[in-house]
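S.K.: As annotated in TrEMBL:
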type	residues	note
TRANSMEM	15-39	transmembrane segment
TRANSMEM	60-88	transmembrane segment
COMPBIAS	127-143	compositional bias 'Acidic residues'
BINDING	198-213	FAD binding site
DOMAIN	245-463	domain 'Glucose-methanol-choline oxidoreductase N-terminal'
Amino acid sequence: LGGLMSERLKHPKKWLVRLCLWLLSTCIGSLVLCGRYCFSSKFPYMHSFTQLPQKKRDAVLVSWSLSYFYHLRMLYKAMKLLILLVFFTQVNEKNENLSWKAIGYKGPDPEFKTKSMQRKTLRNEGLNDDDDDEGQNDDGHEEEAELYGPLYKGLINMQLPRNIVADSLRQVGFPVSVRNKRNAAPSSIASPSLVIKCDAVVVGSGSGGGLIAGVLAKAGYKVLVLEKGSYCARSNLSLLEGKTMDQMYLAGGMLATDDMGVILLAGSTVGGGSTINWSASIKTPKHVANEWCDEYELKLFESDLYKEAMEVVCERMGVQSEVEEEGFNNAVLRRGCKELGYPVNNIPRNSPPDHYCGWCCLGCKDGSKKGTSETWLVDLVNSGNSAILPGCEAIEVLHKKRRDRNVATGVAFEFQYMGAKDICVVESKVTIVACGALSTPNLLKRSGLKNANIGKNLHLHPVTMAWGYFPKTSSSGEWPEEKKTSYEGGIMTAMSTTVGNFGKSGYGAVIQTPALHPGMFSSLMPWVSGADIKLRMCKFSRTAHIFVLARDQGSGTVNSPYSISYQMEAMDEENLKKGIEKILRILAAAGAEEIGTHHCKGKIINVKKASSEEFERFVKEESSRPLRDLSTPLSSAHQMGSCRMGIDPKTSVVNQMGETWGVEGLYLADTSVFPTALGVNPMVTVQAIAYCTAQSVLDVLRRKKSN
């Protein structure tokens, strides 16, 4: 826990946690933070927090969760999240956690563990022996792809000596200059170790960046992709929650708004969010496209090109809506909705009907989920004229004045080499930034872009949840089946729009299901005592969660890489409350024995024993609780709008072609360009916009080639 807080936690209020922990080690500090709980009838009559009995320590924490002082509520929320996350995700040398057996958790997918052992055996048998390499057939290449991932031929290892890296890039066709041959890392952009020339450089490999890179490479252009995260091939996945969050999530999954009001999850790996998302592949809702076209005058969204783009990306990802067997959470959602007469529909997914896996949030074990690293980036690698550089972070977009225009000329990036930071420069004809809505604004600001809209208008699709406990029974005909658990099965297969408001303002909420493994499950569940959280966790495997996601009108600002401010509007809060009310009814109608929310008071009702009056009172009380005071956890897996598209540089950052207003030849291709919140899962929409942007970039490259 200490290591996580010191090395991985980057929150701007971390100083507050350190200060409070120090104060709690002293009697005076404990008195300030804990009040009357520090007093005793026995000498020395006043004690520090560490000297208090457990019952009093529990009471102190509960008092913080309900405190009048906002900073004490922040402290409680931060410590609860961090401590429980660490406790339930830490593993021993066998990749096991001693609590998992008690809570009914299998750890990594057992089927995946078996396959991992088989892959290790293949490696040990020497698949890559020189004798076998000669005359290797397609089957051999398929085996290599299975072992090392489908992108292995297009990855450049920047940890190799610079001359070897330069030779690897030259073999692909990139002109490379080795400017600095010293072992010491250069100190500035003016003295880079390598200068690489290409047609297009793409910063970020997620849904937007990966698509545009694949389209340009397939058209025959030399494309270089820079990715801050690492590449986790199927064989290198651990499917361990803690390890994966550290490796594949932005800031190790330890990201929140400045006031701790919203926990933020975003991908940071080759493939970006498409590698760790939950498969939902929903086209841009018609009412949203109409709003962007009519109110924001963005004719792109009524064009034939945009319609074509949605069809192309859905076909490339293999999007379909069938499901052979529904997982625990989705089965509960569907059954509850049908019992109540609420609308419920299948969610289109970029995975096959038989994809029954609850670990997709930790990477796809077999490649059946068609994220960017299984589709567009494969096109890039297969082109033979492009490459991906993992572990490389862009530090500045380079641009210069040409006559009266500011023109992008490439990107400077850094990476760790021999214990120090090394800097290289990419010189390109066009530059595409697709770092995501939380990172793109910071790169543009560091690069000297002055547009006042950069970083503003951030939308988060705030989410809150409710839960229902379905105990196992001995009756064979009971539902849901005893074999099913909350963490297995397709993560998202069912959705209800009962509070969607699609036909009116378009600003409502959708009801879906999450993927919660023990770490995130425990950090979201209410904590009222040490004993209580253990009892709740013992019900983990049979506790269904359903969430409500609001299309938010409220917005925020990306101030710096780890400083994000956000203010949810009252209407967004009301939409979430309406969703919670519906979810509690859905859970009860589906047959839950106990139901509750994530509010810090942790109230529970036994549906089987409660009268109808008691049930209605509980639902009304729990669905009317405030959501903007840290008493209920809010989270976000979709961030968008921080560099929005528009027709006027006074109110937007990019035009309809995706090009920035201030710098010619600089394009954005991620969710930051969304004009407003979308209201549904954004993967198809961001890829469709990126596809349209790619056509504009192709036109520019063709013109430059002909000149």
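Each Cβ is built from the backbone N, Cα and C atoms, and glycine gets one as well.
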S.K.: Please work out the number of neighbouring Cβ atoms within 10 Å of the Cβ of Ala200 (FAD binding site), leaving out its own Cβ.
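M.R.: So the Cβ neighbour count for Ala200 (FAD binding site) comes to 27.
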S.K.: List the residues of the same chain that sit at least 6 positions away from Gly206 (FAD binding site) in sequence and have their Cβ under 8 Å from its Cβ, in sequence order, or write 'none'.
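M.R.: Sequence-distant Cβ neighbours: Gly267, Gly271, Gly272, Gly273, Ser274, Thr372, Ala434, Gly436, Asp670.
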S.K.: So of Cys198, Val202, Ile212, which of the binding-site residues has the fewest other Cβ atoms within 10 Å around its own Cβ?
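M.R.: Lowest Cβ count within 10 Å among the binding-site residues (Cys198, Val202, Ile212) is Cys198.
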S.K.: Counting Cβ atoms within 10 Å across all protein chains shown, which of the binding-site residues Gly204, Gly208, Gly210 comes out on top?
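M.R.: Of Gly204, Gly208, Gly210, the one with the most crowded Cβ is Gly208.
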S.K.: Grab the pLDDT values for the domain 'Glucose-methanol-choline oxidoreductase N-terminal' (245-463) and give me their mean, rounded.
M.R.: 96
